[in-house]
Amino acid sequence: MKPTLVLVGRPNVGKSTLFNRLTRSRDAIVADIPGLTRDRHYGHGRLGLKPYLVVDTGGFEPVVKSGILHAMARQTLQAVDEADVVLFIVDGRQGLASQDKIIADQLRKTGRKIILVVNKAEGMPYSTAAVEFHELGLGTPCVVSALHGEHLGELIDFALEDYPYAEDIEAEPGQEKHPVIAIAGRPNVGKSTLINTLLGEERMIAFDQPGTTRDSIYIDFEYGQRRYTLIDTAGLRRSGKVWETVEKFSVVKTLQSIEAANVVVLVLDAQSGISEQDAHIAGFILETGRALVIAINKWDGMDDYQRDTTKREFERKLAFLNFANLHYISALYGNGVKALMPSVDAAYTAAMAHIPTPKLTRVMLAAVAKQQPPRGGVSRPKLRYAHQGGENPPLIIVHGSMLDHVPQTYRRYLENTFRDVFELKGTPLRVEFRTGHNPYAGKKAPPLTEEEARRAHSRRRRNRKKYG
């Protein structure tokens, strides 16, 4: 799984600017639910072959004992507790503040790896920017400018020096060649109940294997003589015990589990409907390209009218996930839970499918013969052949000419054709267009030799005589 970097510091030291630099995007997921502050952002980035997850916390005010600032401090400490590396950010222009000393003392007690980051140091010599922050006793400071992007590569390289490259990450327990299932969803939708039902229903063989991320557990189990790995983000208790409190929710763990899985079971609450946080999690699943099964829980206790109304609402709001199978279940009573596993198997098979190039090309050419792409100006785009470029999710690469002019509607037409023909149900499908390189594009023709110029002149004279 990706290592987690948590940005901590007092207000207005440039945490959000640094976050946007590290993720190269302003479209971070925002956790806007009770128990998590509004300005906690989650995003992921990559330095070369090293991926990472970044958490941007609110301004840390540890001395405040009540109100919203106290809640923000509590949530910041919770984020630190989930961190692999804490980036403690201070303001190089304002210098060392008393609040920085208090925060440093708080962070030192956590036992996490802490990197002191002196921000807003553009145009300042290293010695000038860093000298007074040695007093904090957190080691040699990293001096950066988030605004101008200065020295950020060195910062991330230092932060990730103890973590493996992408190739090594793929060798983790969650990446073995059998279905790896993550149960995702917001709090109180019944994730824990579903996990216990899955592990207890068929007297499955279960044993706990510590994961590479703190508090995540890989549970290997057998169902129908097939092996699976279930990623439990909340820390699964033995099935004989009762869940005493509302299941713990960690956005970081949820995102990491989604990325580590082959198939995600997204659990929704039939009685409370789809929330904004449900949409955030679904969007992240779609972005990462993981196969998906949707379990709409708490179906018991609803009359026929409520069920009919709820079905229509979910089908309308989940139209952007129309590739996934929907199941209406009661995790508490086990109703409909058995039907989840065949959908998980089908989604896994589709996500890991290997499609031969000749078959892909034949299907693509048949789709083009049935409906050609619209003209993009003077010429019509020409699709020549297709091949598979990846799995989990399947990536189909189409080669041809003038493909930059293929509209989005035609791309969806090809995507739906590939999905229907090759039965890729339960997984996102990505179609990428690549135009062949023209080595002469943008180049002028070489000058004619004397003999070539004489012959061209003769041809022009003959044509004038012939056609007047």
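A Cβ is built for glycine as well, from the same backbone N, Cα and C atoms used for every other residue.
The annotation domain 'EngA-type G 1' is assigned in Swiss-Prot to 3-167. Marked as GTP 1 binding site by Swiss-Prot: 9-16, 56-60, 119-122. Residues or ranges marked as domain 'EngA-type G 2' by Swiss-Prot: 179-352. Taken from Swiss-Prot, the feature GTP 2 binding site covers 185-192, 232-236, 297-300, and the record attributes it to sequence analysis. The domain 'KH-like' annotation in Swiss-Prot covers 353-437. For 434-468, the entry in Swiss-Prot reads region 'Disordered'. The compositional bias 'Basic residues' annotation in Swiss-Prot covers 456-468.
Neighbour counts were taken at the CB atom with a 10 A radius for the binding-site residues THR57, ASN188; the maximum falls on THR57. Annotation note: GLY185 (GTP 2 binding site) sits in a coil segment as assigned by DSSP. When the domain 'KH-like' (353-437) is classified with DSSP, helix, strand and coil residues number 31 helix, 22 strand, 32 coil.
For LYS191 (GTP 2 binding site), the number of other Cβ atoms no farther than 10 Å from its own Cβ, over all displayed protein chains, is 26. For ASN188 (GTP 2 binding site), the spatially nearest entry among the binding-site residues ASN12, LYS15, THR57, ALA121 is THR57, judged by CA separation.
Among the binding-site residues GLY185, LYS191, TRP299, the residue whose Cα lies closest in space to that of LYS15 (GTP 1 binding site) is GLY185.
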